[in-house]
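Asks: Per TrEMBL, the features are:
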- 6-121: domain 'Tetrahydrofolate dehydrogenase/cyclohydrolase catalytic' (DOMAIN)
- 140-293: domain 'Tetrahydrofolate dehydrogenase/cyclohydrolase NAD(P)-binding' (DOMAIN)
- Gly166, Arg167, Ser168, Ile232: NADP(+) binding site (BINDING)
Amino acid sequence: MSATIIDGKAFAATIRGKVGEHVARLRETHGITPGLAVVLVGEDPASQVYVRSKGKQTIEAGMNSYEHKLDAGTSQADLLALIDTLNNDAEVHGILVQLPLPGHIDSDLVINSIDPAKDVDGFHISNVGLLGTGQKSMVPCTPLGCLMMLRDHLGSLSGLDAVVVGRSNIVGKPMAQLLLGESCTVTIAHSRTRDLPDVVRRADIVVAAVGRPEMVPGEWIKPGATVIDVGINRIDAPERGTNEDGSVKTRLVGDCHFESCAAVAGAITPVPGGVGPMTIACLLANTVTACCRANGLPEPEGLTA
Ligand SMILES: NC(=O)C1=CN([C@@H]2O[C@H](COP(=O)(O)OP(=O)(O)OC[C@H]3O[C@@H](n4cnc5c(N)ncnc54)[C@H](OP(=O)(O)O)[C@@H]3O)[C@@H](O)[C@H]2O)C=CC1
Ligand SMILES: Nc1nc(=O)c2c([nH]1)NC[C@@H]1CN(c3ccc(C(=O)N[C@@H](CCC(=O)O)C(=O)O)cc3)C=[N+]21
(Lines of atoms letter the chains of each structure in order from A and count residues from 1; the text may use other names and numbers.)
(Lines give C-alpha, C1' and ligand atoms only; values in the text may rest on other atoms or scores of the structure.)
(Ligands and ions follow the chains in the order given, each with its own letter.)
Protein backbone atom coordinates (compact mmCIF):
# COMPACT_ATOMS: atom_id res chain seq x y z
CA MET A 1 0.00 0.00 0.00
CA SER A 2 1.42 3.36 -0.98
CA ALA A 3 -1.34 5.92 -0.41
CA THR A 4 -1.42 8.35 2.47
CA ILE A 5 -4.52 7.62 4.56
CA ILE A 6 -6.46 10.84 5.10
CA ASP A 7 -7.63 10.60 8.70
CA GLY A 8 -11.12 12.11 8.63
CA LYS A 9 -11.77 11.06 12.20
CA ALA A 10 -8.81 13.05 13.52
CA PHE A 11 -9.51 16.02 11.21
CA ALA A 12 -13.14 16.05 12.40
CA ALA A 13 -12.00 16.10 16.03
CA THR A 14 -9.86 19.18 15.26
CA ILE A 15 -12.83 20.93 13.66
CA ARG A 16 -15.08 20.06 16.58
CA GLY A 17 -12.40 21.52 18.87
CA LYS A 18 -12.48 24.81 16.90
CA VAL A 19 -16.27 24.78 16.99
CA GLY A 20 -16.16 24.28 20.76
CA GLU A 21 -13.78 27.23 21.21
CA HIS A 22 -16.01 29.48 19.15
CA VAL A 23 -19.09 28.37 21.05
CA ALA A 24 -17.38 29.15 24.38
CA ARG A 25 -16.41 32.62 23.11
CA LEU A 26 -19.97 33.30 21.92
CA ARG A 27 -21.28 32.42 25.33
CA GLU A 28 -18.69 34.43 27.27
CA THR A 29 -18.77 37.58 25.19
CA HIS A 30 -22.36 37.65 23.95
CA GLY A 31 -24.31 35.24 26.16
CA ILE A 32 -25.41 33.30 23.07
CA THR A 33 -25.50 29.50 22.75
CA PRO A 34 -25.96 28.07 19.25
CA GLY A 35 -28.79 25.56 18.98
CA LEU A 36 -29.32 22.74 16.45
CA ALA A 37 -32.68 21.05 15.92
CA VAL A 38 -32.66 17.62 14.27
CA VAL A 39 -35.92 16.18 13.01
CA LEU A 40 -36.24 12.44 12.42
CA VAL A 41 -39.38 10.95 10.93
CA GLY A 42 -39.67 7.17 11.30
CA GLU A 43 -37.38 4.52 12.73
CA ASP A 44 -34.76 3.79 10.09
CA PRO A 45 -31.95 2.18 12.19
CA ALA A 46 -29.09 3.90 10.30
CA SER A 47 -30.80 7.31 10.63
CA GLN A 48 -31.26 6.71 14.34
CA VAL A 49 -27.52 6.05 14.71
CA TYR A 50 -26.63 9.28 12.86
CA VAL A 51 -29.14 11.38 14.77
CA ARG A 52 -27.83 10.05 18.08
CA SER A 53 -24.23 10.84 17.23
CA LYS A 54 -25.18 14.32 15.93
CA GLY A 55 -26.96 15.08 19.21
CA LYS A 56 -24.05 13.80 21.31
CA GLN A 57 -21.45 15.80 19.39
CA THR A 58 -23.60 18.94 19.42
CA ILE A 59 -23.72 18.83 23.21
CA GLU A 60 -20.00 18.01 23.49
CA ALA A 61 -19.27 21.18 21.50
CA GLY A 62 -21.23 23.18 24.09
CA MET A 63 -24.28 23.82 21.91
CA ASN A 64 -27.94 23.11 22.55
CA SER A 65 -29.38 20.05 20.81
CA TYR A 66 -33.10 19.68 20.17
CA GLU A 67 -34.20 16.29 18.89
CA HIS A 68 -37.65 15.84 17.41
CA LYS A 69 -38.53 12.20 16.78
CA LEU A 70 -41.81 11.79 14.93
CA ASP A 71 -43.41 8.47 14.10
CA ALA A 72 -43.33 7.15 10.55
CA GLY A 73 -47.00 7.98 9.97
CA THR A 74 -46.63 11.69 10.78
CA SER A 75 -48.53 13.80 8.26
CA GLN A 76 -46.76 16.25 6.00
CA ALA A 77 -48.87 19.05 7.51
CA ASP A 78 -47.67 18.20 11.04
CA LEU A 79 -44.06 18.11 9.87
CA LEU A 80 -44.44 21.50 8.15
CA ALA A 81 -46.02 22.89 11.33
CA LEU A 82 -43.01 21.73 13.37
CA ILE A 83 -40.62 23.36 10.89
CA ASP A 84 -42.60 26.59 11.12
CA THR A 85 -42.23 26.52 14.90
CA LEU A 86 -38.48 25.90 14.63
CA ASN A 87 -38.12 28.66 12.00
CA ASN A 88 -39.63 31.08 14.51
CA ASP A 89 -37.69 29.86 17.54
CA ALA A 90 -34.83 32.28 18.25
CA GLU A 91 -32.97 29.61 20.26
CA VAL A 92 -32.74 27.40 17.17
CA HIS A 93 -30.02 28.49 14.72
CA GLY A 94 -29.84 25.32 12.66
CA ILE A 95 -32.51 22.89 11.44
CA LEU A 96 -31.77 19.48 9.92
CA VAL A 97 -34.49 17.17 8.66
CA GLN A 98 -32.96 13.72 8.39
CA LEU A 99 -33.35 12.16 4.93
CA PRO A 100 -34.77 10.02 3.49
CA LEU A 101 -38.32 10.93 4.59
CA PRO A 102 -41.21 8.42 4.37
CA GLY A 103 -42.76 8.13 0.91
CA HIS A 104 -45.97 10.03 1.70
CA ILE A 105 -43.98 13.21 2.41
CA ASP A 106 -42.71 15.55 -0.33
CA SER A 107 -39.04 16.01 0.65
CA ASP A 108 -38.47 19.02 -1.62
CA LEU A 109 -41.44 20.83 -0.16
CA VAL A 110 -40.27 20.12 3.39
CA ILE A 111 -36.68 21.19 2.75
CA ASN A 112 -37.80 24.38 1.02
CA SER A 113 -39.99 25.26 4.00
CA ILE A 114 -36.90 25.57 6.24
CA ASP A 115 -35.69 29.16 6.76
CA PRO A 116 -32.64 29.26 4.41
CA ALA A 117 -30.65 31.02 7.14
CA LYS A 118 -31.21 27.98 9.40
CA ASP A 119 -30.72 25.39 6.63
CA VAL A 120 -27.47 23.93 8.00
CA ASP A 121 -27.70 21.06 5.46
CA GLY A 122 -27.55 23.60 2.62
CA PHE A 123 -30.34 21.79 0.75
CA HIS A 124 -32.83 24.69 0.40
CA ILE A 125 -33.14 25.96 -3.19
CA SER A 126 -31.88 29.40 -2.11
CA ASN A 127 -28.68 27.91 -0.74
CA VAL A 128 -28.29 25.68 -3.80
CA GLY A 129 -28.64 28.76 -6.01
CA LEU A 130 -26.24 30.84 -3.93
CA LEU A 131 -23.62 28.07 -4.05
CA GLY A 132 -24.11 27.67 -7.80
CA THR A 133 -23.54 31.38 -8.38
CA GLY A 134 -20.56 31.60 -6.03
CA GLN A 135 -22.34 33.63 -3.35
CA LYS A 136 -22.21 33.20 0.40
CA SER A 137 -24.51 30.32 1.37
CA MET A 138 -24.92 27.38 3.69
CA VAL A 139 -22.73 24.66 2.15
CA PRO A 140 -23.87 21.00 2.37
CA CYS A 141 -21.93 19.23 5.12
CA THR A 142 -20.64 16.16 3.28
CA PRO A 143 -19.17 18.05 0.28
CA LEU A 144 -17.79 20.71 2.65
CA GLY A 145 -16.03 18.01 4.66
CA CYS A 146 -14.62 16.49 1.46
CA LEU A 147 -13.36 19.90 0.32
CA MET A 148 -11.68 20.59 3.65
CA MET A 149 -9.79 17.29 3.44
CA LEU A 150 -8.80 17.92 -0.20
CA ARG A 151 -7.50 21.41 0.57
CA ASP A 152 -5.65 20.17 3.62
CA HIS A 153 -3.98 17.42 1.63
CA LEU A 154 -3.36 19.12 -1.73
CA GLY A 155 -3.28 22.85 -0.99
CA SER A 156 -4.44 24.50 -4.20
CA LEU A 157 -6.82 22.44 -6.33
CA SER A 158 -6.61 24.88 -9.25
CA GLY A 159 -6.48 23.24 -12.67
CA LEU A 160 -6.78 19.67 -11.38
CA ASP A 161 -9.05 17.17 -13.12
CA ALA A 162 -11.80 16.13 -10.72
CA VAL A 163 -14.34 13.37 -11.31
CA VAL A 164 -17.38 13.11 -9.06
CA VAL A 165 -19.17 9.78 -9.40
CA GLY A 166 -22.80 10.37 -8.39
CA ARG A 167 -25.13 13.29 -9.10
CA SER A 168 -27.40 13.44 -6.05
CA ASN A 169 -28.58 16.78 -4.71
CA ILE A 170 -27.05 16.07 -1.33
CA VAL A 171 -23.55 14.97 -2.36
CA GLY A 172 -22.60 14.76 -6.05
CA LYS A 173 -23.96 18.05 -7.39
CA PRO A 174 -22.85 20.34 -4.54
CA MET A 175 -19.46 18.58 -4.50
CA ALA A 176 -19.04 19.38 -8.19
CA GLN A 177 -19.98 23.04 -7.53
CA LEU A 178 -17.38 23.33 -4.78
CA LEU A 179 -14.67 21.77 -6.97
CA LEU A 180 -15.59 24.13 -9.80
CA GLY A 181 -15.29 26.97 -7.30
CA GLU A 182 -11.73 25.75 -6.61
CA SER A 183 -11.02 25.94 -10.36
CA CYS A 184 -10.90 22.20 -10.96
CA THR A 185 -11.96 20.83 -14.32
CA VAL A 186 -14.99 18.91 -13.16
CA THR A 187 -16.70 15.85 -14.63
CA ILE A 188 -19.85 14.49 -13.04
CA ALA A 189 -20.38 10.78 -13.76
CA HIS A 190 -23.51 8.75 -13.03
CA SER A 191 -25.28 5.51 -13.90
CA ARG A 192 -25.57 6.43 -17.60
CA THR A 193 -21.95 7.47 -18.01
CA ARG A 194 -20.19 5.57 -20.80
CA ASP A 195 -16.75 4.11 -20.11
CA LEU A 196 -16.75 5.02 -16.42
CA PRO A 197 -13.33 3.37 -15.85
CA ASP A 198 -11.77 5.62 -18.51
CA VAL A 199 -13.48 8.72 -17.11
CA VAL A 200 -12.25 7.97 -13.59
CA ARG A 201 -8.74 7.19 -14.89
CA ARG A 202 -8.33 10.81 -16.04
CA ALA A 203 -8.93 12.20 -12.57
CA ASP A 204 -6.41 13.77 -10.21
CA ILE A 205 -9.27 13.86 -7.70
CA VAL A 206 -11.92 11.13 -7.49
CA VAL A 207 -14.97 11.64 -5.28
CA ALA A 208 -17.09 8.49 -5.16
CA ALA A 209 -20.69 9.00 -3.94
CA VAL A 210 -22.61 6.15 -5.47
CA GLY A 211 -23.87 3.85 -2.73
CA ARG A 212 -22.46 0.68 -4.30
CA PRO A 213 -20.10 -1.31 -2.08
CA GLU A 214 -16.49 -1.30 -3.33
CA MET A 215 -17.56 -0.44 -6.88
CA VAL A 216 -14.42 1.52 -7.81
CA PRO A 217 -11.37 -0.78 -8.13
CA GLY A 218 -7.74 0.29 -8.02
CA GLU A 219 -7.44 -0.35 -11.79
CA TRP A 220 -9.60 2.73 -12.40
CA ILE A 221 -7.37 5.05 -10.36
CA LYS A 222 -4.65 7.18 -11.91
CA PRO A 223 -1.41 6.61 -10.00
CA GLY A 224 -1.01 9.29 -7.35
CA ALA A 225 -4.63 10.51 -7.50
CA THR A 226 -6.49 11.62 -4.37
CA VAL A 227 -9.51 9.44 -3.64
CA ILE A 228 -12.38 10.65 -1.47
CA ASP A 229 -14.75 7.80 -0.65
CA VAL A 230 -18.17 9.10 0.43
CA GLY A 231 -19.95 5.75 0.30
CA ILE A 232 -21.32 4.20 3.47
CA ASN A 233 -22.42 0.65 2.75
CA ARG A 234 -23.16 -2.01 5.32
CA ILE A 235 -22.35 -5.47 3.99
CA ASP A 236 -22.49 -8.96 5.50
CA ALA A 237 -19.26 -10.04 7.15
CA PRO A 238 -19.67 -13.75 7.87
CA GLU A 239 -15.96 -13.90 8.77
CA ARG A 240 -16.88 -11.89 11.88
CA GLY A 241 -19.34 -14.55 13.05
CA THR A 242 -22.95 -14.10 14.11
CA ASN A 243 -24.90 -11.86 16.48
CA GLU A 244 -26.81 -13.13 19.52
CA ASP A 245 -30.00 -13.36 17.44
CA GLY A 246 -28.24 -15.62 14.92
CA SER A 247 -27.99 -12.94 12.19
CA VAL A 248 -24.65 -12.59 10.45
CA LYS A 249 -22.38 -9.71 11.55
CA THR A 250 -21.86 -6.79 9.19
CA ARG A 251 -19.18 -4.22 8.40
CA LEU A 252 -19.02 -0.84 6.69
CA VAL A 253 -17.34 -0.40 3.33
CA GLY A 254 -17.10 2.54 0.97
CA ASP A 255 -17.81 2.88 -2.74
CA CYS A 256 -14.11 2.28 -3.46
CA HIS A 257 -12.29 -1.00 -3.06
CA PHE A 258 -9.95 0.24 -0.36
CA GLU A 259 -7.00 -2.15 -0.68
CA SER A 260 -6.63 -1.95 -4.45
CA CYS A 261 -7.26 1.82 -4.58
CA ALA A 262 -4.79 2.49 -1.77
CA ALA A 263 -2.15 0.60 -3.74
CA VAL A 264 -2.21 3.17 -6.58
CA ALA A 265 -3.66 6.36 -5.12
CA GLY A 266 -1.55 9.14 -3.64
CA ALA A 267 -4.04 9.55 -0.81
CA ILE A 268 -7.36 8.02 0.16
CA THR A 269 -10.04 8.42 2.82
CA PRO A 270 -11.00 5.25 4.72
CA VAL A 271 -14.53 4.01 5.52
CA PRO A 272 -15.31 4.24 8.37
CA GLY A 273 -13.24 7.13 9.70
CA GLY A 274 -13.12 9.31 6.58
CA VAL A 275 -15.92 11.45 5.20
CA GLY A 276 -18.56 10.36 7.75
CA PRO A 277 -17.08 12.04 10.84
CA MET A 278 -16.28 15.15 8.75
CA THR A 279 -19.95 15.43 7.77
CA ILE A 280 -21.03 15.73 11.39
CA ALA A 281 -18.18 18.13 12.25
CA CYS A 282 -19.25 20.36 9.33
CA LEU A 283 -22.85 20.26 10.54
CA LEU A 284 -21.68 21.68 13.88
CA ALA A 285 -19.54 24.24 12.05
CA ASN A 286 -22.51 25.31 9.91
CA THR A 287 -24.63 25.71 13.04
CA VAL A 288 -22.07 28.09 14.58
CA THR A 289 -21.85 29.98 11.28
CA ALA A 290 -25.65 30.28 11.12
CA CYS A 291 -25.74 31.51 14.71
CA CYS A 292 -23.08 34.17 14.04
CA ARG A 293 -24.88 35.38 10.90
CA ALA A 294 -28.22 35.50 12.74
CA ASN A 295 -26.65 37.72 15.39
CA GLY A 296 -24.66 39.95 13.02
CA LEU A 297 -21.38 38.66 14.45
CA PRO A 298 -18.19 37.84 12.53
CA GLU A 299 -18.12 34.28 11.24
CA PRO A 300 -15.76 31.68 12.67
CA GLU A 301 -12.57 31.41 10.64
CA GLY A 302 -11.60 28.13 8.97
CA LEU A 303 -15.04 26.60 9.39
CA THR A 304 -16.69 27.80 6.17
CA ALA A 305 -16.02 27.01 2.51
N1 LIG B 1 -20.26 9.92 4.54
C2 LIG B 1 -21.34 10.67 4.59
O3 LIG B 1 -21.40 11.58 5.38
C4 LIG B 1 -22.45 10.45 3.65
C5 LIG B 1 -22.44 9.30 2.91
N6 LIG B 1 -23.41 9.06 2.00
C7 LIG B 1 -23.27 7.84 1.21
O8 LIG B 1 -22.83 8.20 -0.09
C9 LIG B 1 -23.39 7.32 -1.05
C10 LIG B 1 -24.16 8.12 -2.07
O11 LIG B 1 -25.21 8.79 -1.43
P12 LIG B 1 -26.29 9.67 -2.24
O13 LIG B 1 -25.59 10.67 -3.07
O14 LIG B 1 -27.29 10.10 -1.27
O15 LIG B 1 -26.91 8.51 -3.18
P16 LIG B 1 -28.00 8.52 -4.32
O17 LIG B 1 -28.53 7.14 -4.37
O18 LIG B 1 -28.93 9.66 -4.17
O19 LIG B 1 -27.15 8.80 -5.65
C20 LIG B 1 -26.28 7.83 -6.16
C21 LIG B 1 -25.68 8.31 -7.45
O22 LIG B 1 -24.81 7.29 -7.92
C23 LIG B 1 -25.09 7.05 -9.29
N24 LIG B 1 -24.87 5.64 -9.62
C25 LIG B 1 -25.57 4.57 -9.22
N26 LIG B 1 -25.08 3.46 -9.75
C27 LIG B 1 -24.04 3.83 -10.51
C28 LIG B 1 -23.12 3.13 -11.33
N29 LIG B 1 -23.17 1.80 -11.47
N30 LIG B 1 -22.19 3.83 -11.98
C31 LIG B 1 -22.12 5.16 -11.84
N32 LIG B 1 -22.94 5.88 -11.09
C33 LIG B 1 -23.90 5.22 -10.42
C34 LIG B 1 -26.55 7.41 -9.48
O35 LIG B 1 -26.74 7.73 -10.84
P36 LIG B 1 -28.16 8.15 -11.47
O37 LIG B 1 -28.37 9.58 -11.02
O38 LIG B 1 -27.96 8.02 -12.92
O39 LIG B 1 -29.17 7.21 -10.88
C40 LIG B 1 -26.70 8.59 -8.54
O41 LIG B 1 -26.39 9.80 -9.18
C42 LIG B 1 -24.22 6.32 -0.26
O43 LIG B 1 -23.40 5.20 0.06
C44 LIG B 1 -24.54 7.07 1.02
O45 LIG B 1 -24.78 6.21 2.11
C46 LIG B 1 -24.41 9.97 1.76
C47 LIG B 1 -24.47 11.14 2.48
C48 LIG B 1 -23.50 11.44 3.51
N1 LIG C 1 -30.62 15.78 6.14
C2 LIG C 1 -29.61 14.91 6.10
N3 LIG C 1 -28.34 15.36 6.20
C4 LIG C 1 -27.29 14.47 6.18
O5 LIG C 1 -26.12 14.88 6.26
C6 LIG C 1 -27.57 13.08 6.05
C7 LIG C 1 -28.91 12.69 5.93
N8 LIG C 1 -29.90 13.61 5.95
N9 LIG C 1 -29.21 11.37 5.78
C10 LIG C 1 -28.20 10.34 5.79
C11 LIG C 1 -26.85 10.84 5.34
C12 LIG C 1 -25.70 9.99 5.81
N13 LIG C 1 -24.93 10.80 6.71
C14 LIG C 1 -23.85 10.35 7.46
C15 LIG C 1 -23.33 11.05 8.54
C16 LIG C 1 -22.32 10.55 9.32
C17 LIG C 1 -21.78 9.32 9.06
C18 LIG C 1 -20.71 8.77 9.95
O19 LIG C 1 -20.36 9.37 10.96
N20 LIG C 1 -20.14 7.60 9.64
C21 LIG C 1 -19.12 6.94 10.44
C22 LIG C 1 -19.55 5.53 10.80
C23 LIG C 1 -20.91 5.42 11.42
C24 LIG C 1 -21.34 3.97 11.63
O25 LIG C 1 -20.61 3.21 12.28
O26 LIG C 1 -22.43 3.61 11.14
C27 LIG C 1 -17.84 6.82 9.62
O28 LIG C 1 -17.91 6.85 8.39
O29 LIG C 1 -16.78 6.70 10.23
C30 LIG C 1 -22.24 8.61 7.98
C31 LIG C 1 -23.27 9.13 7.19
C32 LIG C 1 -25.50 12.02 6.79
N33 LIG C 1 -26.57 12.12 6.02
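Yeah, the Cβs are placed from backbone N, Cα and C, and that goes for glycine too.
All annotation found in TrEMBL is predicted automatically rather than curated by experts.
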Asks: Could you work out which of the binding-site residues (Gly166, Arg167, Ser168, Ile232) has its C-beta surrounded by the smallest number of other C-beta atoms within 10 A?
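Replies: The binding-site residues Gly166, Arg167, Ser168, Ile232 were compared, and Ser168 has the fewest Cβ atoms within 10 Å.
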Asks: In the domain 'Tetrahydrofolate dehydrogenase/cyclohydrolase catalytic' (6-121), how many residues does DSSP assign to helix, to strand and to coil?
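Replies: Tallied per class, the domain 'Tetrahydrofolate dehydrogenase/cyclohydrolase catalytic' (6-121) gives 59 helix, 19 strand, 38 coil.
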Asks: Does DSSP give Ser168 (NADP(+) binding site) helix, strand or coil?
Replies: coil
Asks: So the record assigns Gly166, Arg167, Ser168, Ile232 to NADP(+). If I measure every Cα pair among those residues, what is the longest distance in angstrom, as a whole number?
Replies: 16
Asks: For the binding-site residues Gly166, Ser168, Ile232, which sit with their CB under 6 angstroms from an atom of ligand 2?
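Replies: By the Cβ criterion, which requires under 6 Å to ligand 2, the hits are Ile232.
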Asks: Could you find out if DSSP has Ile232 (NADP(+) binding site) as helix, strand or coil?
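Replies: Assignment for Ile232 (NADP(+) binding site) reads coil.
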Asks: Given the model, what does the mean pLDDT over the domain 'Tetrahydrofolate dehydrogenase/cyclohydrolase NAD(P)-binding' (140-293) come out as?
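Replies: Taking every residue in the domain 'Tetrahydrofolate dehydrogenase/cyclohydrolase NAD(P)-binding' (140-293) and averaging pLDDT yields 98.
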